[in-house]
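See structure below.
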Amino acid sequence: MGKSPTTKDDAQALFQSLRSAYSATPTNLKIIDLYVVFAVFTALVQVVYMAIVGSFPFNSFLSGVLSCVGTAVLAVCLRIQVNKENKEFKDLPPERAFADFVLCNLVLHLVIMNFLG
Amino acid sequence: MARSLGFIIVLLAVTSICDAVAIFHPISESHRSAALELFSPAAGSFSGLEEAYEALRTFEVLGIEKPDTKDHTCNSVVDTLSSSSSNLKDLYHSLRVNGLLKCKTSKEALTGTVSRLKGGVKEATTLLDYYYSVGGLLLVKDQSSEVDVLLGNADGILRSIKALSQSDGRWRYSSNNPASSTYAAGVALETLSGVISLAASAIDENLIGTLKNDIVKLFDSIEKYDDGAYYFDDKVIDASGHQGPLSATSAVVRGLTTFASTSGTLNVLYTIPEEKILGLARFFLGVGVPGNSKDLVSVPLILSLPATVLSLTSNDKLKVRVNTVLGSIAPPLSVKLMQVFSSGSKDAPVLKEELKFDPKEAIHTMDALPEGVDIGEYVFAFEIVLSDPEDKRKYATGGRTKVPIHVTGVVGVDNAKLTLLEGDSVESEKKLNLPGKNDVALSANHLQKLHLSFLLTTPLGKPFKPHQALFKLRHETGVEHIFVVGNSGKQFKIALDFLGLVEKFFYLSGQYDIELIVGDAAMENSFLQPLGYVELDLPKVPEKATRPPSQAVDPYLRYGPKAEINHIFRVPEKRPPQEVSFAFLGLVFVPFLVFLIGLLRLGVNLKNFPTSTVPATFAILFHGGIAAVLLLYVFFWLKLDLFTTLKALGVIGIFLMFVGHSTLSHIASVSVKVKSA
């Protein structure tokens, strides 16, 4: 009994520290995070739909989910490149990263659209 | 033309001799309409005098009202008669038309015609020359009594025509044409009779005597159809085309009758066998030509039986009906059954049994069949005896008429039994009720024998041998074995020794259905009956034994309708109810909403959006370009194909690259400035 409040407190403390640490993140990275979350949840909605109804137009399902997942992955890539703390991409301007992101998205969605049926 | 010629020739042949006495005219409306169709004058006139004659004569015979062509036809008749250039044939035909139409012809024209015809007779070299000129003279004689048409040198003309005759009774058309023709014989006889009736002095009797011989010889070449119709055929093809049997026969009949009537030698006709005259009548009637019974010298009497199948069991009476050929009632006569031939035999005793006449129904009946007539096939020979000897000249009875008769009856089947023997001792015996229902159930092994025996007797108690007496065993699998039941006298017997039959039965043990077939055309109670079954226990199949043949495929199955092909279409996938799909569509927008709300809470702004005109335009164009690409994708999804999409994408992509580059480099430069500042 005595253990659980400690755990709870620990967890609370952990979340607290996480939140405070995250609040320090620049806004543009938060936007990308939000975008990733949005894409992942959209994909989840589709997976749930498939689980309930069945996978009949399987290509449509695949393209829908992959569109979301792909976008999320690309957004993560963007985030990595935009993050100033990543020294690796120090010389890469964020505008260039954004241009890559847009181009990759367009190519991805061309394939997705072709696959949508 | 050839068709109409045949039609008219036959019509004339059978009606011209004695039009006045008309007893029976089986002329129907169809004949009239056919004639009208055949002879329809074009533009009010016929194409020639020959056709005009054929048409007018046909209309007259058939009783059709003549189309109004008299004026036109008469004009051409008068023209032909008065013209000095018209040939013998034209003259002949115009005189024939004149005979029908009675045109106004001057005496001078007729005199001129006669002198030309007489000249034609003198100079004639061919048979047809004689025919046309003599025929023309005869016609003038009928039409005008004022002109002298008599021939001085009749004997000489007769001899020169006779010179064209052949030894077989046929004639040639001309002396330099060796082919002889039957049609020409008819024409010659008609011409000769014309010469005889035109002769100024008496004719040499010897000459007529030789002509009679020719006629008899001509009848030797008569031909016969299977149905008893006699006809003359002509193989010669002359200028007027092939003369078929119809025209040849009618020419001979016409020539013969005119010759017989003019030469005063009617008795020549009685030298011709009666059956040939009957056969000729049959020929003309068979062709469907309306005729007059008087044309045939004597009216044929036809004997017919309403039924040629008689049942002994139901005591059917033998009935005979006698009519004239044309269906009218026969004169008083009696019918005698002369002989009864059983099938195959050529000899039979003469019976001379007279049939009773029933005047009410006009049927001759015989109450009981002659003695000894049992079931089977017979040929009955009848003879017609005319009561009045005077009738013998008028009617032809055709001699003895043979009619095939089938006598049927119920055949007695007695003492039928099925026995199962083991060695010589009787294992079991079943009496059979034949024909009737039987339900035999036997079981046997290969050491036993099966015996079947029965007696067949005719109603008269004689042994009867049917066409078929078969014993059939059929195994469950459909394998059949058929055995012929042999007989000795009345007794029919078959013994099956299973030991010897084991191989034939393919060692197939099991149930065999038994069937017995006894059948004959004369047997009224023919039967095919299942008798029951026998359960056979045969030894096991040795290795080398032949296999039973596979059963023949039922032809109905092989060639019959095939099973219907049911096409299997792809079953549409199960789709969720629309509500579920719409709900999830809404759900998809929830994360987007959350995203938007999140953006608002993060305090996103568009501060970095360029404010000066040129970069702002580029920035708007950049976003517009992205939107355009996405819109293009939507169109690609909805209706465009990949190639169109890629082309458009190329264009938009280059534009987007340019705009994007300028926008982003502008932003980059601004941020660099900010940093450096």
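For all residues, glycine too, the Cβ spot is worked out from N, Cα and C.
Curation does not apply to TrEMBL; its annotations are automatic.
Since the structure is predicted, the reported quantities are computational estimates derived from the model, not experimental observations.
The domain 'Ribophorin II second' annotation in TrEMBL covers B:301-407. Taken from TrEMBL, the feature domain 'Ribophorin II third' covers B:416-536. The domain 'Ribophorin II C-terminal' annotation in TrEMBL covers B:569-669. Marked as signal peptide by TrEMBL: B:1-20. Residues or ranges marked as transmembrane segment by TrEMBL: B:582-604, B:616-636, B:648-672.
Look at the domain 'Ribophorin II C-terminal' (B:569-669): DSSP puts its residues at 79 helix, 0 strand, 22 coil.
Per DSSP, the secondary structure of the domain 'Ribophorin II second' (B:301-407) breaks down as 4 helix, 58 strand, 45 coil. Away from its own ends, the transmembrane segment (B:582-604) comes close to no residue of its chain (no Cβ-Cβ distance under 8 Å at least six residues beyond either end). Model confidence over the domain 'Ribophorin II second' (B:301-407) stands at 82, taken as the mean pLDDT rounded to a whole number.
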